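**Student:** After the structure tokens below, expect a handful of questions from me.
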Amino acid sequence: MTYKRVLLKLSGEALMGEKPYGIDPAIVQSIAEDVSKVVENNVQLAIVVGGGNIFRGLKGSADGMDRATADYVGMLATVMNAISLQDGLERVGVATRVQTAIEMQEIAEPYIRRRAMRHLEKGRVVVFGGGCGNPFFTTDTTAALRAAEINAEVVMKATKVDGVYDRDPNQFKEAKKYSSLSYQQVLSDEIAVMDSTAIALCKDNNIPIMVFDIFKKGNISRAVAGEPIGSLIS
């Protein structure tokens, strides 16, 4: 089963690749090439991008910064990532629009739901930056919110691991991977895949979540085609 309208959630760390921080142009190029193949198959794709490769609000808050201020700085970091991703996509011929939750009219459109959906219908990729425009909400929650707003069939969370595990597979060799699990299991077992607000929002709107490895070439296309390459939360 190929999904027709997809919300792809990219973490800031995914854009960092092997670098300690910032954006790895080779990773952006690889993601752009994968996305171009998806769009060629007439799949409507929207992207929410995080900012953890540049600044993380929770970390800033823990270091003594006011939490709301730290979150606003994090939102600006996501906009940097969004326009960098737009550049990469347009270099491989993918028509792309950036919409931000905080108005920055010189570099991006403001987020307007109907306009975003019109772009998707015309075959353009829409990259959402600036989080949801409010502090105290993660970009995972933004992904769930935007997916519900644009009537996406699935949220695809592209990460550094190939699915959801019962514990950190980088620390525990015996970690067990789930091929599928329920929203309730994620919430009750406090499995660290997305924050509880994002999971609850997807649960309430019956939007499945696919978690997969972004660094394996071609995985975005495989995930969109419905191949069982990661973990499905439903």
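Numbers here mean position along the shown chain, with the first residue as 1.
Cβ atoms are placed via backbone N, Cα and C, with glycine included.
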**Student:** For the UMP site that Swiss-Prot lists with Asp71, Cys132, Gly133, Asn134, Pro135, Phe136, Phe137, Thr138, Thr139, give the additional residue from the candidates Gly51, Gly88, Gly123.
**Tutor:** Gly51
**Student:** Name them in sequence order: residues not among Gly51, Asp71, Cys132, Gly133, Asn134, Pro135, Phe136, Phe137, Thr138, Thr139 whose Cβ is within 8 Å of the mean position of the Cβ atoms defining the UMP site.
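**Tutor:** Output for this site, in sequence order: Gly57, Gly74, Met75, Gly131, Thr141, Thr142.
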**Student:** Sorted by position, what residues of the same chain at least six away from Thr159 (ATP binding site) have a C-beta under 8 A from it?
**Tutor:** Ser11, Ala14, Val211, Phe212, Asp213, Ile214
**Student:** About how far apart, in whole Å, are the alpha carbons (Cα) of Cys132 (UMP binding site) and Gly52 (ATP binding site)?
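**Tutor:** Cα-Cα distance, Cys132 (UMP binding site) to Gly52 (ATP binding site): 15 Å.
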